[in-house]
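What follows is a set of notes on a single structure, which appears directly below.
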Amino acid sequence: MDAKNWVSVVLFTLAFTGFYAIILLPYSSNGVLGELRSLIPDILTAWHSTAPKALQEEAAGRVILSPNLTTCHQSLSDADVPVYCCPPKRESEEAFIDFQFPDPSSLTLRIRRPAHLVDDDYIAKYNKALSIMKSLPYEDPRNFMRQANMHCIYCTGAYNQQHSNSLLKIHRSWLFFPWHRMMLYFHERILASLIGDDTFALPFWNWDSPAGMVIPRMYMNGSFRDPERDASHLPPQVADIDFDYVESGLDPQDQIATNVAFMYNQMVSGAKKTELFMGCPYKPGEEGFCDGPGTIELAPHNALHTWVGSNLNPERENLGAFYSAARDPIFYAHHSNIDRLWEVWRGLQGAKAEIHDPDWLDSYFFFHDEKSQLVRIKIRDVLDITKLGYDFQKVDLPWLNARPKPAVSPKIARYMLKTREDDQNVLPRHTTDKVGFSFGPEGRTLDTAVRVKVPRPKILRTKKEKEEEEEVLLVYGIDIKKDVYVKFDVYVNAIDETRIGPESREFAGTFVNMRHGVRLVMNRGDATVKRKTNLKLGISELLEDLEADGDESIWVTLVPRGGTGLHISIDGIRIEYMR
Ligand code: C2O
């Protein structure tokens with residue numbers, strides 16, 4: 001056999017034995033594979049002509065963010081308790097296929113509807129699908145607990161990344177929206193196939209609209225019920241979508257008004273740039289790590305996880321802890337609303353919102369489809385929901401015009417802030433200069449509210465400049481001492497922060513940590529790396545409304561919530577500009 005024929009035989013064999021399994025095997029593996037590996041350069045040349053561009057590049061050495069399926073291992077819950085969510089059989093031992101869009105000609109568009117508006121027939125249908133899913137054996141990847149564990153795997157970092165020891169985690173960065181979209185897509189398709197109804201679509205928990213701000217009734221019965229929820233938050237209790245462990249004590253009407261104003265901040269004034277909404281760019285390897293969730297992920301997303309989960313469980317399981325969250329069926333309706341809000345935000349922002357970075361677009365993950373087939377799917381595959389065959393029922397967006405007003409008129413506030421120059425809370429040990437306010441390397445604990453004056457590098461920017469560059473308040477060097485739930489709110493030019501909340505224009509945003517510490521490496525013997533994190537809040541519109549656009553500095557107050565301040569310290573605050 002001449003060399004050329006030999007290569008085609010090897011190629012043919014590889015197509016069936018799993019090409020990736022071989023290239024990506026650790027270099028310490030046995031002799032036969034070692035020999036095969038030495039042939040790879042030849043094989044690649046032949047393969048290059050047909051493979052998709054990103055995969056060609058990957059074979060040629062470009063590192064694309066993806067899980068190493070051979071590495072599934074025990075991981076840690078949000079509170080450092082070991083958890084094990086790996087599938088009974090390694091996914092690396094299964095053959096996978098690349099995601100294919102459903103055939104558009106035979107596609108019936110599946111419409112996701114608000115959970116509080118669905119009818120009894122729909123509930124019965126979904127209930128049936130879900131109970132079948134729950135009754136499948138655990139060995140079946142379509143089983144409900146297996147689905148829930150997919151979330152556990154990717155949220156606790158049970159897989160290492162390809163080509164690195166870093167754990168792969170899909171929260172607190174730009175992976176958040178697309179990864180959860182993928183998970184819901186396959187979950188929905190499996191439910192549909194279990195009842196043989198191609199039109200089946202998940203509902204969404206419409207918590208951004210007053211009528212949807214309670215746990216939807218359907219989640220109180222049948223297979224939707226989960227006993228592991230906070231009993232005091234069941235209907236008719238109105239959700240606090242910015243919950244911080246402490247009951248807000250607001251009456252329903254005020255809670256709704258606060259929620260609506262908070263949504264405006266998270267969807268509109270605080271989310272004018274892609275990174276502010278989507279989260280930071282998380283790239284492969286240790287250097288690629290980032291920890292910076294977008295507005296919606298922080299809250300309502302995290303806040304509602306905590307609000308629903310049971311206060312009697314150590315980590316507020318089920319919904320309150322990421323390892324167990326997807327065991328509560330309401331998880332899927334919660335995320336269906338997150339998925340919808342991503343679409344709404346893209347609609348509001350237009351083309352400028354889109355991410356073109358190939359590192360994001362080509363990042364890929366693996367899920368089982370309704371035929372129990374392992375599928376590799378890239379972020380670029382899930383950016384057009386029509387192609388995926390679903391859409392959301394259009395509902396009102398009550399928050400869209402709920403632009404908050406200042407609690408104190410800006411003229412009066414200006415006068416009062418002038419008299420604050422010698423405030424007690426400004427520690428002697430700090431430097432404040434053109435670049436910002438720094439507490440020095442030891443940082444400042446948020447044992448009480450911390451109030452500082454922060455200089456603004458640019459004042460009176462033109463409308464065009466503001467559109468191009470968002471003014472961003474950066475709280476940097478946030479250190480969470482013990483890995484506990486913490487939360488603090490940020491206010492600008494507030495006169496009395498103890499009396500106001502998101503309904504006031506002075507509120508700039510919130511920081512929430514759900515205890516899943518920022519860990520990178522968790523192989524035996526490897527040190528656990530913890531990192532400080534940052535919070536970025538868009539404030540251009542807020543400064544206009546507070547008539548502070550011409551001021552050379554602003555007052556910023558950080559208010560710890562829920563008695564969590566002792567566990568947080570920060571290094572400083574400064575203003576940056578984001579394109
Ligand atoms: Cu992956 Cu709502 O969490």
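Placement of Cβ uses the backbone N, Cα and C atoms for every residue, glycine included.
In the shown protein chains, 23 other C-beta atoms lie within 10 A of the C-beta of His151 (Cu cation A binding site). Here TrEMBL flags His151, His171, His180 as Cu cation A binding site.
His305 (Cu cation B binding site) falls within a helix when secondary structure is assigned with DSSP. In the structure as shown, the Cβ atom of His305 (Cu cation B binding site) sits within 10 Å of 24 other Cβ atoms. Under the heading Cu cation B binding site, TrEMBL lists His301, His305, His335.
Summarising the annotation, TrEMBL assigns disulfide bond to Cys72-Cys86 (among others). Using a 10 Å radius centred on the Cβ of Cys86 (disulfide bond) and all shown protein chains, the other Cβ atoms total 18.
Of all the Cβ atoms in the protein chains shown, 24 others lie within 10 Å of the Cβ of Cys152 (disulfide bond). The disulfide bond annotation in TrEMBL covers Cys85-Cys152 (among others).
According to TrEMBL, the feature domain 'Tyrosinase copper-binding' maps to 171-188 (among others). Averaged over the domain 'Tyrosinase copper-binding' (171-188), the predicted model has a pLDDT of 97.
Away from its own ends, the domain 'Tyrosinase copper-binding' (328-339) comes close to residues 112, 115, 130, 148, 151, 177, 180-181, 183-184, 187-188, 202-208, 215-216, 219, 223-224, 226, 228-229, 296-297, 301, 304-305, 308-309, 318-319 of its chain (Cβ-Cβ under 8 Å, at least six residues beyond either end). Taken from TrEMBL, the feature domain 'Tyrosinase copper-binding' applies to 328-339 (among others).
The transmembrane segment annotation in TrEMBL covers 6-27.
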Got a sec? Which of these disulfide-bonded residues, Cys72, Cys85, has the most Cβ atoms within 10 Å?
Cys85
What parts of the chain pack near the domain 'Tyrosinase copper-binding' (171-188), using Cβ distances under 8 Å and only residues at least 6 beyond its ends?
65, 110, 147, 150-151, 154-155, 200-202, 275, 278-282, 290-294, 297, 322, 326, 332, 335-336, 338-339, 342, 355, 360, 363, 365, 367-370, 375, 377, 379, 382-383, 385, 388, 390, 516, 518
Quick one: which residues besides His301, His305, His335 have a Cβ within 8 Å of the Cu cation B site's Cβ centroid, in sequence order?
His180, Glu297, Pro300, Asn302, Leu304, Ala325, Phe331, His334, Ile338
Number of helical, extended and coil residues in the domain 'Tyrosinase copper-binding' (171-188), per DSSP:
13 helix, 0 strand, 5 coil
Near Cys86 (disulfide bond), which recorded positions out of Cys152, His180, His335 have their CA within 10 Å?
Cys152
Roughly how many Å lie between the Cα atoms of His335 (Cu cation B binding site) and Cys85 (disulfide bond), rounded to a whole value?
20
